[in-house]
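*Asks:* When I checked TrEMBL for this same protein, it listed these features:
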{"type": "ACT_SITE", "residues": "HIS115", "note": "active site, pros-phosphohistidine intermediate"}
{"type": "BINDING", "residues": "LYS9, PHE57, ARG85, THR91, ARG102, ASN112", "note": "ATP binding site"}
{"type": "DOMAIN", "residues": "1-138", "note": "domain 'Nucleoside diphosphate kinase-like'"}
{"type": "MOD_RES", "residues": "THR91", "note": "phosphothreonine"}
{"type": "MOD_RES", "residues": "SER122", "note": "phosphoserine"}
Amino acid sequence: MERTYLMIKPDGVQRNLIGEVVSRFEKKGFTLVGAKLMTVTKDLAETHYAEHKERPFFGELVDFITSGPVFAMVWEGENVISTARTMMGATNPAEAAPGTIRGDYGVQVAMNVIHGSDSPESAKREIGIFFEDAELNNYEKVVNKWV
Ligand code: DAT
Ligand code: MG
């Protein structure tokens, strides 16, 4: 079963959107495997966003993601990586469709509420840098046969 790394960014935590965002993925039928409120260190932020190191906004991105607690999560389910990206909406909230998380709650590209892995490779890498194996719960929900 596929797993993805999702993270409610500091703006989402400050704006009391943890429950709202978690609720969307629960209702969709995905399974929460691990979750924690944590403050990202500069080192961890630079590792996580390494692919953007050369981009002009990299410094701002690292400052923002370390500016307050994030809610780090691992979710499991069929096609969860791409479906979660669809549920999040476009990177720029101004272009994100209504009904998506960024479309419903975001305004600026820098503060777009949520991060989600964009491929199986990034999911594996991001889960590995944010979570220890012991923090991830392997279990089956009985309801899954109806999802
Ligand atoms: P996504 O988060 O949709 O995977 P990304 O990986 O291209 O998007 O960029 C990572 C984050 O960087 C994004 O969520 C918000 C920020 N970002 C992207 N483009 C930006 C820009 N032009 N100016 C400021 N921040 C930007
Ligand atoms: Mg990305």
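Backbone N, Cα and C define each Cβ position, glycine as well.
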*Asks:* Least buried of the recorded positions THR91, ASN112, SER122, going by other Cβ atoms within 10 Å?
*Replies:* THR91
*Asks:* Would you pick out, from the recorded positions LYS9, ARG85, HIS115, the residue whose Cβ has the largest number of other Cβ atoms within 10 Å?
*Replies:* LYS9
*Asks:* Looking only at C-alpha atoms, tell me how far LYS9 (ATP binding site) is from HIS115 (active site, pros-phosphohistidine intermediate), rounded to the nearest Å.
*Replies:* 7
*Asks:* Enumerate same-chain residues with a sequence separation of six or more from ARG102 (ATP binding site) and a Cβ-Cβ distance below 8 A; give 'none' if the list is empty.
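*Replies:* Counting only residues 6 or more apart in sequence, the Cβ neighbours of ARG102 (ATP binding site) under 8 Å are MET88, GLY89, ALA90, THR91, ASN92, PRO93, ALA96, ASN112, VAL113, ILE114.
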*Asks:* Considering only the recorded positions LYS9, PHE57, THR91, ARG102, ASN112, SER122, which possess a Cβ situated under 6 angstroms from at least one atom of ligand 1?
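*Replies:* The ones that qualify, in sequence order, are PHE57, THR91, ASN112.
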*Asks:* So what's the mean pLDDT when you look at the domain 'Nucleoside diphosphate kinase-like' (1-138)?
*Replies:* 98
*Asks:* Name the secondary structure element type, per DSSP in three states, that contains HIS115 (active site, pros-phosphohistidine intermediate).
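*Replies:* The residue in question, HIS115 (active site, pros-phosphohistidine intermediate), is strand (DSSP, three-state).
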*Asks:* Going by DSSP, is ARG85 (ATP binding site) sitting in a helix, a strand, or coil?
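*Replies:* In three-state terms, ARG85 (ATP binding site) counts as helix.
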*Asks:* In Å, rounded, how far does the Cα of the residue listed as 'phosphoserine' sit from the Cα of ARG85 (ATP binding site)?
*Replies:* 13
*Asks:* My understanding is the cutoff is Cβ-Cβ under 8 Å with a sequence separation of 6 or more in the same chain; which residues meet that for PHE57 (ATP binding site)?
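*Replies:* Correct list: ALA110.
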*Asks:* Round to a whole number and give the Cα-to-Cα distance in Å for the pair ARG85 (ATP binding site) and the residue listed as 'active site, pros-phosphohistidine intermediate'.
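*Replies:* Per the Cα atoms, ARG85 (ATP binding site) and the residue listed as 'active site, pros-phosphohistidine intermediate' stand 9 Å apart.
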*Asks:* Per DSSP, what is the residue tally for the domain 'Nucleoside diphosphate kinase-like' (1-138) in helix, strand and coil?
*Replies:* 62 helix, 24 strand, 52 coil
